[in-house]
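Pulled from TrEMBL:
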BINDING   TRP18, GLU20, GLU33  Ca(2+) binding site
BINDING   HIS83, HIS213, HIS217  Zn(2+) binding site
Amino acid sequence: MESSSISRWFEYESGHAWCESAYKYQTLPYVAEFANTCTNLPIIVLPLVNIMLLRRYLHDVNGGLIFPQLLLTFNGLASTYYHATLNLFGQLVDELSLVWIITVFLVVYIPVMKWFPERFSKRLTLVRWVVLIVTAAVSALCFLEPNLNAIALMLFSIPAAVVIRYEGKQSGIPDIESFPSRILALWGVAFSFWFADRLLCDFWLYLGTPYLHALFHLLAGLAGYTIFIMFSMIDIESRSKTHRYTAAVRYFPDKNGSIFSFPYICLKERSHKVAVPVFDSNGNTKTVTDDNEMLT
């Protein structure tokens, strides 16, 4: 009995089906929700782009930043599997990976967050263990009622939005002052698409456009990536006295930073002062310094 119950998790369509499933297997015979599957690509790729751009900083200063970003990539892979098969196992891995992204994010970034009380800094290890234990307990609860997991995760976005807004405004970094508004705008639209797909499926089927969950993937992936850009900038700035790097935010393809452009971090080594001899009009020499920056 127990074996058959577990095997049910891996059966096709044993998990929650989204609106696109009305057209399941029509594009590819082994992919249940084609658009929902393919639109996980930004969630997989964008965190890896940030890791690549920050590789020198990760190697020299704070390698811990790599873990929540790799978990976001893993979540994209899990979501791809889930929407391709619609099985319960894929759904649970998709949702649990989101829970652990939040946890590892807190464990890694909490030392540089402004809201974290300074008096607890000496007990940082204890705080991290408490967060991990609570997450493990929540993970176990995810198996009891899988259909409620996604709603619980969406509700968690409310305090997360407060923290993002507070940290962005308190960071004092001009390059990311607009990031909280940018993130919340992307997430707000993505959130509305998620609910619309879940609650108004018949209406979208009537219009022949059951792809709002796919749009949710694209916007939520960009929002999540932007969160990592913002907090990576905060980490680099907060630890500036311990390393030789400076960072600035750039955008692609629109250099003006429109809402749908991709922000990325341009990392440089801090300027080195180089002594240069200069002759004045009397033939005397004096030494001046020249700034030398090296792109990483």
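Just so it is clear, glycine is given a Cβ too, placed from its N, Cα and C backbone atoms.
Here the binding-site residues are HIS83, HIS213, HIS217, and the one with the most other Cβ atoms within 10 Å of its Cβ is HIS83.
Each of ALA17, CYS19, SER21, LYS24, ALA32, ALA35, ASN36, HIS83, ASP197, PRO210, TYR211, HIS213, ALA214 belongs to the same chain as TRP18, GLU20, GLU33, is absent from that list, and has a C-beta within 8 angstroms of the C-beta centroid marking the Ca(2+) site. Those same-chain residues not listed among HIS83, HIS213, HIS217 yet with C-beta within 8 angstroms of the centroid of the Zn(2+) site C-beta atoms are TRP18, GLU20, GLU33, ALA35, ASN36, THR37, THR39, ASN40, SER79, ALA214, PHE216.
Reported as a whole number, the C-alpha separation between GLU33 (Ca(2+) binding site) and HIS217 (Zn(2+) binding site) equals 13 Å. Within its own chain, TRP18 (Ca(2+) binding site) has GLU33, ASN36, HIS83, ASP197, ARG198, CYS201, PRO210, HIS213 as residues 6 or more apart in sequence whose C-beta sits under 8 angstroms from its own.
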